[in-house]
Each structure stands twice: as C-alpha cells, then as structure tokens.
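Novice: My questions all concern the structure below.
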Amino acid sequence: MEQELVKSYLQARDPSIMAYNRTDIKEVKVNLGALMASNDTEVEDQNESDEVKCINVYLRVRGDIKENDLYEIDKNSLVCNIPEGSFAFRNVKSGDSMKRNYSFTKIFGPECDQQTIFNYIIKSKLLSFINGRSSTIFTYGASGSGKTFTIVGTPEEPGLIPRALEYLFRSVPKLSHKPYVQLLPNGSTQYFSTNLMEMHEQYKNSIMNATIVDEIRTYKQMQERLSSEPVAKIEDDSYVSVSVWVSFAEIYNEIIYDLLSLPAVRNQPRQRLALGKSQGNTFIKKLTYLNVRNGLEAYQILQYGLHNLNYAATAINSHSSRSHCIFTVTLVQTSKRSDDVYVSNFNFCDLAGSERSKKTMNFGDRLKESNNINTSLLVLGRCMENIRKCQQIKESTVPIPFRECTLPIPFRESKLTQIFQNALLGHENVEMIVNINPSRNMLDETVHVLNFSAIAKTVIVKEELPKPIKKVTRFSILTKSENSPRLKDVVTNKLEMEKLTNECNRAKEEIRRLQTLVNRLNEELSEGRTSDEKSEEIKHLHRAIDTIIDERDNIIKMYEKKMVENENRISAIYEESIARYIEMHRKNKQEAIQRIRAEYEERIAEMEIITISSSDEEDELPKKRNGKSQKELEDRILHYQNLVGEMSDKLRGLTKELKDKEDLLKDKEDLLKDKEDLLEDAKEHFTLMELEIESYRKKYNEEKSEAVLLREQIELLTLELHKRSIGVASEESSDIDDNEFQNHEQETNSNYESSKAFEANKIVSVADLH
Ligand SMILES: Nc1ncnc2c1ncn2[C@@H]1O[C@H](COP(=O)(O)OP(=O)(O)OP(=O)(O)O)[C@@H](O)[C@H]1O
C-alpha cells in the first residue's frame, strides 16, 4: 500500500478531552508528521543493544468492529483518512482529503489474536523479569477500545495477565512451599516467620474462598488451552529460594484503594491508601501483597480484585472501568548463600479510558470520574512530553535522573504519574499498548490517542541491571553486626526444625497410608479371606507401624533436644549481648572521663606553674624597681599581660575541648541506646520464635496422640481378627478343645490389655516430659 506522508505542523495534543478548546499552548510547534513517520522499521526490542531504545508503543485495533474504512495499516504505520468536518481537525476544508500517518513499534490488526500479542510483547519481558528486571505495561485508549480485553481477556480468549501468570508458573523452578522472606509494600523484605506465614495464609484463604467455583473451572479450562503453548524452562537452583507475590491497586477519582482488602472491610468506607517513598521509589503504603504458588491461586486473586473494581455503564461501554488499575506480579529471589534478595516487578496497568463527556453522556458522579480520568491522562501526557524535551536538551541517550531535568515534570499532579515516576523517567522497561476502536463515531478520541502515542514513543528508556537488596530487618542487621556465630546457629537450628517438621509430615502421610490399608483389610475380612493371609498382613502392618512410631519418637526426641538447645542459646545470647554492651559502654565512658581528667589536671598544673612563677617575679619587683628603668618594667608588664592572654585562650580551648568530649560521650550514649533498642527488637523476635516452638510442640503432641489412637485401633483389629480366625478354625475342625479356645482368648485379651497399659505408660511419660 502506498502511503502519503503529509507535512503537518500540528502540536501534539494532550490526549484528553479536557484539552479541547485550549488555545494557550505556547511551545514551539514541531513537525508531528515527520516525528510520526520517523520510525518505519520494525524495532527488534528483543535484542539488548547499546543503541538508544525508546518506549515500545504497540497499536491494537479492536477486532470485532466491522466498520473500518478510516484506517489503513501498512506494516508498522497506520494511515488515518480524516473525513470532512471532523471535530479533531476542524481546519479540514470541504473537498480536501486529509491523511495522517502514525508509526508504531508494531501494529496488531483486527485479525490478531491474544496469543500473538502475548508472544510478541510479553514473552521476552517475562524472561528478563525472571532475571530480575522490572517491566511495566500500560494499555491506553478511549473508552470501549479493548484495553481490558487485551490485558485481562475473557475465559475463552485469555488476556495478557492470565497468560503471563500461567507462563511464569510453568517456567520458574519449583517454588518454595514456605517463602524464606516476606515482601513488604516498599519493596524490601523481612524474615517470614511461621507465625507471619500462618496469618498471611489465613488472609489469603479468606480471599480465595470468596471466589466462585465457576472461576476455578474456567481457569482450569483456560489452563488446559494454554498448556499446549511452549514455555522456556528455567534451570532449578537449589541455592535460590523463589517466591511470587501479587498485589492489585485501583486509582479511582485520584484516591488509591487496595482491591485485595477483605469483604468485611469493604462494607465500611474503603480504606484510602497513601503513597510513600523508599530509596527513590514511590510505593503504595499498606498495599496487600499475597504469596501465590500457582497460576490458579493468582487467577483467583485477580478475579477477586476485578469484582472490587469500579465499573459503570456509559453510552460508549456498558461495562466501563472507571479507574486505573495496577496488577503487579513480584518475583522475590533469595540467595541462600549470600543473603542477597533480588526483587523484580511486572506491572500491568490498565488505564481508564479517555473520553468526551458529551459522547459518554456523563453527568453527576460519572462526570466527576470522567474529569479525574482525563486529568490524570493529561498529566501522564505532559510528563512524557517534558521528559522527552529534557532528554533532547541534554542530548541524552540514557535516562536522566529526575533532579537533572531542566523542565518541570508534573509527576506530583496525579497519583498515577507519581507511582510510575521511575519507569516514566526511563529507568525501567516500559511498554505501551494503544487500543483503538476503528468505528467512525470514535474518530476524535482515536486521533487524540494516536497523538499521545507519538509522544510516548520518543521517550528514551534503558533497562537497568538488577541490584540485590539485603534483608533489611533489624534482626538481620543485628545478626550481621554482631557477627555472632551463635545467632547464626539459632537460625540454622530453626531450619533444622523445619526439616524435622517435614519428616513428621512424611511419617503422618505414611500412617494415613497404613490406615487405608487397615480399612481395606477390614473390608476384605468381612468378604472372608483365609485367616493365615490376614494375620500375616496384620503382622506386617504391626511391624510397619512400630517402625513409624519409633521414627516419630526419635524425631520428637531430637526436636525436643534442639528446642532446649535453642532456648538456652537464645537466652545466653541475649544476656551476653546486653552484658557485653553495658560493659563496653562503661569501659568507654570510664576511659573517656579518665583521659579528660588527666588532660585537665595537666593543663591546670601548667597554669599553676605559670601563675606561681609570675607571682614570684612580681614579689621581686619592688626590690629591683629601683635598679631597673621604667622601660624594662613596662616590657615586663606587657609580657605578663600577653601571658595572661595566652592562658585565657588556653583555658577557653580547654573548656571547648571538654564540651566536645561531653558531646562525644552523649553520642556514644545514644549509640548504646540504639543498640539496646536493637536488642529489644531481637528479644521480640526471639519471643516470636518461642511462640512458634510452642506451636510446633502442640502439633507434635497431637500427632503423637493420633499415632497412639491408631495403634489402639490396630490392636482392636488384631483382637477381632484373632477372634474371627479362632471362630473359623473351630467351625473347620471340631477336635479343637473348648478349653483350649478359652485359653487362647484369655491369652489374646491379656496381650491386648498389657499393650494398652504399655501405651498408657508411654503417654504418661511423654506428658511428664512436657
Ligand atoms: N479484539 C477484540 N475482539 C473481540 N472483542 C473485543 C476486542 N476488543 C474489545 N472487545 C470487546 O469490546 C468491549 C469493550 O472492551 P473493553 O471493556 O476491553 O474496553 P476498555 O477499553 O477497557 O473500556 P473502558 O475504558 O471503558 O473500561 C468488550 O465487550 C470486549 O469484549
């Protein structure tokens, strides 16, 4: 198709309808036609190179609209035929033909399906994400243009998020059942204790229980559909613990809400979340981050959040999302060797649709929403425009730090731009999918959207190499600063205890298996198998259960030993650290005081010597006065005056020095206070650990009683079996003596009684232990 490049001196307009009729744009006009046509070739962003890389902007044309006579697609360019009397181009005269040419990184025409888009845009970014790099995907477009369809999709045609989740979980190595660290909203991490994990799981379960069964079925069908698509498998590294976390936030009327808040909280006015700053990054304070172990969990959480979103019917879209929503998948990778933590985010940001109030026929609340949506999109456009201008002024080929921008960038004017400030400045990978609805009545909105995309495409980005963060809890600082091998022992012990728990769980599983066997045997017994076979099987079962019970006893003993060791170590470390700090502080203080005192005394002594010598000389004055000239006397007085001056200077110096030393002492005292706080924190941490140990102890006791019950059951079963086998035998052979039978029964009963007594003793002795 031949395309005509029309020179145009149109100002790139703000994408929003709010910008209509605004004539006060004073910047120098640029040749937008040239700017838009400048990138005809396909950008192979997949390869990393040193070349200047701009934001990848993709165009997707809504596929289910038949009416499509205004746009022509030629490779990566879209030619827009502007009809006469168009509102967006009011200067087009009757009879004139007007074409606009917009170029994109890639255009996905109406025939493109969800899989093609996912494969082209997301797949390579997911691999970078697994390598620790963050990405942000925006969908931008007018209301009803297919943004949500692209990003979330439908059960039949899953969008980018479900596909990305499924891909991620099929790619990453086996996820840790219990993450090593917990992700905090500011992007840092803390040690994920069992208590914290239990609270977290409770919260997550209440969210997942709220999902409809249909959604689970839908996901499974979708998973089946996606399972045929190939994925890149990441090699398993046993020294890296991997966990995946998701969050879902909504910006509605410039207020941030957590879409993963619990239903009980939802009935009250929703909690408004504030923004915070940490190490130059803006984050949403108190936003819920949930740990997910598979695609289904993540999908259920996504659906839960979508139910909480603000939707409303407008004249353009019967189910229009009235807010910007941000679904974030975070990958936390902890190196077990170095304690380094790598955190990467994949943000899916579905922007609310830009719209004209006149066309959407909004009023009241809808109009207010509409204004807020348009304002934030307008700010997004302005930020991008100024960032690009700054980059041009600096002739920069890399992102520039915010403080070096010479033009004001209005990040603070909207929550959306504040949150994505770092990404927009080019420090992270940013992709933008521009959605358009090709129908004629959407032309004005579409032209604004296309103009916006021309600005976005020029912002330079450079993916920065992932930097590890250290675990930043005060506890880990203490562990490091103390360099105490004993503290490390405690942590190692804790891991060992977890290993023991796993072994116990395995034993529990074995008991369950045996129980099933016992049940089966019981059934077979009633069906009438020979007594020999049955008793052989029961003996076998007995042996297996004895072994398991012995194993469990050993584990419990080992566990109890470790627990006692741990408790002793914790209290010893705590007391030792406190004593060490107090002693160190006392010694420092004493040394400092002694030093000051010595210096002070030395100076005083010096001054006394000077004073004595000067007063001696003064005593001799009258005697000598007669023989000396007036001049000599005056010199001497001057000399003494200088001496006194020097002495007062020295005194002043000493006083200052004393003050400095006092300040130093004060600083040291503050430092000590800090260390004491730190120890207090550690103490809290240890208390938590003690609580955990207590809960372990409870669990083991429960399991133990369960095993004893099971044993009793088996004993009963044996007894029953004996009874039956004897019954069968007496029927088969009539020469068995009645007395003999009674003796046998008595013997069996007494065996049973003694084994019961033995078990009872065992329980008592275990109870004594605690
Ligand atoms: N490529 C497509 N193929 C089939 N149907 C589509 C496509 N794109 C969008 N649709 C349908 O168009 C309707 C509107 O799409 P969607 O809700 O995704 O728009 P939106 O841009 O998110 O709108 P808003 O900003 O108002 O929320 C939906 O019913 C969706 O299923």
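Glycine too: its Cβ is placed from the backbone N, Cα and C atoms.
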Novice: State the residue range annotated as coiled coil by TrEMBL; the candidates are 199-249, 403-453, 556-606.
Specialist: 556-606
Novice: Just checking, which of SER143, SER145 (binding-site residues) has the fewest C-beta atoms within 10 Å of its C-beta?
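Specialist: Result for the binding-site residues SER143, SER145: minimum number of other Cβ atoms within 10 Å at SER143.
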Novice: GLY146 (ATP binding site) has how many other Cβ neighbours within 10 Å of its own Cβ?
Specialist: 23
Novice: For THR148 (ATP binding site), write down the residues of its own chain that are at least 6 apart in sequence and whose Cβ falls under 8 Å from its Cβ; none is a fine answer.
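Specialist: Correct list: THR139, GLY159, SER321, ASP350.
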Novice: With every protein chain in view, what's the tally of Cβ atoms within 10 Å of the Cβ of ALA142 (ATP binding site), excluding that atom itself?
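Specialist: A count of 28.
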Novice: Which whole number is the mean pLDDT over the coiled coil (490-531)?
Specialist: 68
Novice: Would you identify the secondary structure of THR148 (ATP binding site) according to DSSP, in three states?
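Specialist: Helix, per DSSP.
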Novice: Any same-chain residues 6+ apart from LYS147 (ATP binding site) with CB under 8 Å of its CB? Would you list them in sequence order, or say none?
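Specialist: Sequence-distant Cβ neighbours: THR139, TYR140, GLY141, ASP350, LEU351, GLY353, ILE433, ASN435.
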Novice: Including all protein chains shown, what's the count of other C-beta atoms within 10 A of the C-beta of GLY144 (ATP binding site)?
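Specialist: Taking every protein chain into account, the count is 25.
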Novice: Of the binding-site residues ALA142, SER145, GLY146, THR148, which ones put their CB under 6 Å from ligand 1?
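Specialist: Correct list: SER145, GLY146, THR148.
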